[in-house]
Structure formats: C-alpha cells, structure tokens
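Asker: From Swiss-Prot, for reference:
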type	residues	note
MOD_RES	2	N-acetylserine
CROSSLNK	24	SUMO2 cross-link
DOMAIN	59-123	domain 'CSD'
REGION	63-68	region 'C5-methylcytosine binding'
SITE	63	site 'Important for C5-methylcytosine-recognition'
MOD_RES	100	phosphoserine
MOD_RES	160	phosphotyrosine
MOD_RES	163	phosphoserine
MOD_RES	165	phosphoserine
MOD_RES	172	phosphoserine
MOD_RES	174	phosphoserine
COMPBIAS	290-303	compositional bias 'Basic and acidic residues'
MOD_RES	299	N6-acetyllysine
MOD_RES	302	N6-acetyllysine
MOD_RES	312	phosphoserine
C-alpha cells in the first residue's frame, strides 16, 4: 500500500499548484487556469475543471492594469464583473507590444467558472476582431519611427552635397562619386558632427570660387598656382588681419605710377583715366584682398604700359603738327 500511496502523491502536487495559482490573481500564474501562451488552447481540456458558463458574451472593460496584467470586465447582460487576465486575450492588437484591454472598451468573451468566481476566456473584440488594447500599453510602431525620421535629413544631406559637389566639380559624372564617398562617414558619425562642419565648409567654398574666377581672367597660370596656396592657409589661420595689411602696400606703387602718368600725359588723357583708376582701386580693394601682390604687380605693369603708349601717341601728334 505504501508504494501505491507514493505513486498517487505526484499527481496531487500539480493540483495543489493550480489551486495556489488561482488564489493569486495578481501573479502571472493565475493565467494557468484560463490558459497561458499555450493556455488559450488548453482552455478546452481544462473544461473538465472549469465549466463554461456562457460563450460570446459582450461586456465593457471596467479597468485593466497593464503592469500587473489583469482587470475586470462588466457583462452587459447581467451587469456582473468578470475577472480577466492578459493570457485570456485571444486576439491582441497587432500594434501593441503587450496583451491588454483598454478601459471602457467593448469586448466579446467566454465566461468560465473559476475557483473564486467567473473568469473571462478567449477575449476578442466584437465579432472576433482584435481588441484595441490599453493606451498605456507599449506600442510596437514606436521602434519603427526612427528610420522614418532619419529619412528626410538624409535626403537633405544628399541635396546639400549635390550643391557642393556641383560647385567643386563641374562635370556631372564626378558628382555622384562624391556623394557615394560622403554618405558613409555621415551615417557613421550621425548628425552632430555634420552640423558642426557646416560653418567651416561654407566659408571657403562660397567665398573663394568667385575670387579664383576673377583672377583667371587677368592673370597667367603661374599666378593662379600661387593663388591656390594662400586660400588654403586662410582656412586654418585668421586671414582678416592679412587683408587689412594688404591694401596699403598695394596702393603705394600705384600712386607713384599715377604721378608718372600725370606728368607724361596730356589734358585729354588725364580727363579719361581718373575714373578708370578709381574703378580699378575699388575693384582690387574689395574683391582681391586674399590674393598675393605678385599677380597684381603684373597687372599694374600691364595697366601702366598702355598709358605710356598713349602718352607717346600725343607727342608724335604734336611733333607732326609742328
């Protein structure tokens, strides 16, 4: 008889566990009676222990605690409160991360007899649709929003890079290559370093190209090669004091040349050239600050040569008149 008693004791242990689980509705083990993740299907075999009182009953959720995972539903027909556990929810909202039922939501469920009273099972929305879920439950779409938010800034980076690459490289083929090379570091380093680079990248790109274009019109290739060097230095060093020092040095030889021109030229040439000289002074003073004086000296000599020719021309005319 002792051996038979030993064999009968193990089945008694799970029964005690089930009864203990039902006495603690706040614990997750309370869902063992109504079914765990696989308990939804185990509700039918558990029908031997729990009787099905009613099926497809409509009710309004009285309250539901998402953290603890249980609440109560008020039946519409008998106005009776029915206990509901999160494991009893059969069709959850696919957008919700946890199983839950919203407060005041109308649901359809089966009423099962539990040890402490009526319990809900197979909870769905009216007509078998998924339940809406509690507003306090975590939303799965919250994790999908990040790539969508990152989309517009990336497009903005590409457009900004297209404008920069178009200014640097005149060819249309070189632009996409520059984009492919520039996209990778921005993805790794993300946004803060990108915004920090903006002021440093804009100044040389938008300020230097017009200066180079003006120099190429009047200067030789050697002068253009020398002009590229101070442009790089200006990016790293403070170049405003250099610009202020430059103009007074450039004015001295021009004034001397102007005095020589005034002595050699006649009244007609003097009346024509002063506006030209003023225009040249203003032009060089404003836009050609970062340039070296070497190419400008070449321009000054070129500018000084034609007046010398003009001065010789009136002398020849005067000699012919005599």
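Backbone N, Cα and C define each Cβ position, glycine as well.
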Asker: Using DSSP, what's the helix, strand and coil tally for the domain 'CSD' (59-123)?
Answerer: 3 helix, 34 strand, 28 coil
Asker: Which residues, sitting 6 or more apart from residue 100 (phosphoserine) on the same chain, put a CB under 8 Å from its CB?
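Answerer: Non-local contacts for residue 100 (phosphoserine): 64, 66, 69, 86, 89, 92, 131, 133, 134, 136, 137.
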Asker: Restricting to the chain of residue 63 (site 'Important for C5-methylcytosine-recognition') and a gap of 6 or more, list residues whose Cβ falls under 8 Å of its Cβ, or answer none.
Answerer: 71, 72, 103
Asker: Would you mind giving the whole-number mean pLDDT across the domain 'CSD' (59-123)?
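Answerer: Here the mean pLDDT over the domain 'CSD' (59-123) amounts to 90.
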